[in-house]
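A.B. asks: So Swiss-Prot says this about it:
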BINDING   13-19, 41-43, 301, 327-329, 405-407  GTP binding site
BINDING   14, 15, 16, 17, 39, 40, 41, 42, 126, 140, 220, 235, 299  IMP binding site
BINDING   14, 41  Mg(2+) binding site
ACT_SITE  14  active site, proton acceptor
ACT_SITE  42  active site, proton donor
BINDING   295, 296, 297, 298, 299, 300, 301  substrate binding site
């Protein structure tokens, strides 16, 4: 039986997973999304055209690939329908798990209200209602995509939920829809989405049993994992490679090659510890050149130097076999580039990620910069200093770099 390969982000998300999945997708029969919701965003450039995807897997740009939204994803029908409208002839190419949980408008209202109440202690969520949706799932009070096939029954269940939660909703200022409006909305969702709702676990199993090539597409990044990330400044799902198993119904033996996606520098959206953040001109330069604004929220990403300590930690959690190094071109023209090789922590030098990362100070190694890597298609033709930078990352993390992106375009990728 063939195993499924996995692409996973190894930093705080926004590493460039979409480009890698889109590039590798031509070699696969099926591409699967396993967790997260429309708080995640993949940006793909093809022939100068920008595609921003939030729920639909990146393989949708390839006509012969089956795309799966797995049970671990939380699905906003409204967002999904809007996103699907960008593409033609999706039947037979896109399937949504009937076990995936529904993210509805009241979830985002709850999310935003709670963030406002936290004031300065706000986590900095996207406000898309992802956390409240997963909270409903864990408390066994959520609703699943398969329930859209019976809109009247789902409407009754939701109205009962609204009544039960009315004191909380009133306190938070959540607007509860009228029953007739809700029913019409659910009927519309059914009309559009019914042909795509399926038992996706069986579809993935069948593909593997038939020796089809399957690629799993992670969302966000390992350092945002609900258990192993910088809690509480994390997302609400398991973003590590093991999350792909629970989010699709696979066992660990069915995971093959793990490709860890890393950016040549580091970015983070929202609040939370970020040891290598550069709040000066270098960070501003990375943001400007790298166009570091969120695909989902448009928020400016915090930027800083490459952190080999956190990447090594995340790579161990994910079982990374090889790296895809993205946005190397953004560092073009820097006279000096830095890599964090250790932390100063409570008076000691450490080479691991402590639970309270906010108390860690980076210890940097400085390397000489380079002029430009744009348009280079062979590793040997990269500037010597760029190669030295890549090879030092490999030495510090213990993982080889197999792919190097030198521009947003699909074609500008070096394969070693």
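Cβ from N, Cα, C; glycine included.
Are these features on the surface or tucked inside, and what are their neighbours?
C.D. replies: A coil conformation is recorded for residue 13 (GTP binding site) in the three-state DSSP classification, outside any helix or strand.
Counted within 10 Å of its Cβ, the other Cβ atoms near residue 39 (IMP binding site) come to 28, all protein chains included.
According to DSSP, residue 41 (IMP binding site) is assigned to coil rather than to any helix or strand.
Just so you know, the Cβ of residue 14 (IMP binding site) picks up 29 other Cβ atoms within 10 Å once every protein chain is counted.
Residue 42 (active site, proton donor): 25 other CB atoms within 10 A of its CB, across all protein chains.
Within 10 Å of the Cβ of residue 300 (substrate binding site) there are 13 other Cβ atoms, across all protein chains.
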A.B. asks: Taking only the Cα atoms, work out how far residue 301 (substrate binding site) lies from residue 14 (IMP binding site), in Å, as a whole number.
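C.D. replies: Given the Cα positions, residue 301 (substrate binding site) is 9 Å from residue 14 (IMP binding site).
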A.B. asks: Considering each pair of residues in 14, 15, 16, 17, 39, 40, 41, 42, 126, 140, 220, 235, 299, all listed as binding IMP, report the largest CA to CA distance in Å, no decimals.
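C.D. replies: About 34 Å separates the two most distant Cα atoms.
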A.B. asks: Round to a whole number and give the Cα-to-Cα distance in Å for the pair residue 328 (GTP binding site) and residue 126 (IMP binding site).
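C.D. replies: Cα-Cα distance, residue 328 (GTP binding site) to residue 126 (IMP binding site): 27 Å.
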A.B. asks: Given the recorded positions 39, 42, 298, 300, which lie close to residue 16 (GTP binding site), meaning Cα to Cα within 10 A?
C.D. replies: 42
A.B. asks: Within 10 Å of residue 14 (IMP binding site) (Cα to Cα), which of the recorded positions 42, 43, 298, 300, 406 do you find?
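C.D. replies: Within 10 Å of residue 14 (IMP binding site): 42, 43.
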